[in-house]
């Protein structure tokens, strides 16, 4: 059922800040931002972008960030836009985690939802379907580049960003040495890892969408 935009905004903020899981996530993101300012040249400076993925990677082609060229006011404006976008991404992810944590909030007599019910959240609403379509398109481009294109280049970057942050684990999974002679095995491991990471993200998007569509009691 549809609800008013004002109620949805309140529900969104409640999901993003009201649960222990969401608060812990926001605390970790805040710690990552602190590391970014204290040690901007450290490899850990990428933590805020990784922790708020995949939305944080959406404006990769835009001049967001403290390192934007132009100097003076241009850098300040770009850094401010990047900071605001990062905050929004963190709140969206925190709200999704809050929706996941609250899915068990029901009467004790009601049987908890099974695995199928949980996975249904990835396809029973348009935001989740749209996200699944984006991941599928990125994977399709990756498969075309790997199987048909003479120069795959950096084709893996698009599914990697679309299904982040868990998709980065697919890159970290090592291929056993005894199978290193099979060039397709690494691509298969990466493909499966991205599919699973995208499925997790789609479920979170679906659960958040369901929560925001719940009509408040008494209306």
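Cβ atoms here come from the backbone N, Cα and C positions, even for glycine.
Automated prediction, rather than curation, is the source of TrEMBL annotations.
Your range for transmembrane segment, going by TrEMBL and the list 45-64, 105-124, is 45-64. Taking Cβ pairs closer than 8 Å, the transmembrane segment (128-147) reaches residues 121-122, 153, 155-156, 158-159, 161-163, 187, 191, 194-195, 198, 201-203, 205-206, 209 in its own chain, all 6 or more past its ends. Of the candidate ranges 12-39, 45-64, 76-101, 154-173, 154-173 has the most C-beta pairs within less than 8 angstroms of the transmembrane segment (185-209). Within its own chain, the transmembrane segment (154-173) is flanked in space by residues 50-51, 53-54, 57, 60, 134-135, 138-139, 141-142, 144-146, 189-190, 192-198, 200-201, which lie at least six positions past its ends and keep a Cβ under 8 Å from the stretch. Using a Cβ-Cβ cut-off under 8 Å and counting only residues 6 or more beyond its ends in the same chain, the transmembrane segment (45-64) has close neighbours at 25, 28-29, 31-33, 35-36, 39, 70, 78, 81-82, 85-86, 88-90, 92-93, 161-165, 168, 201.
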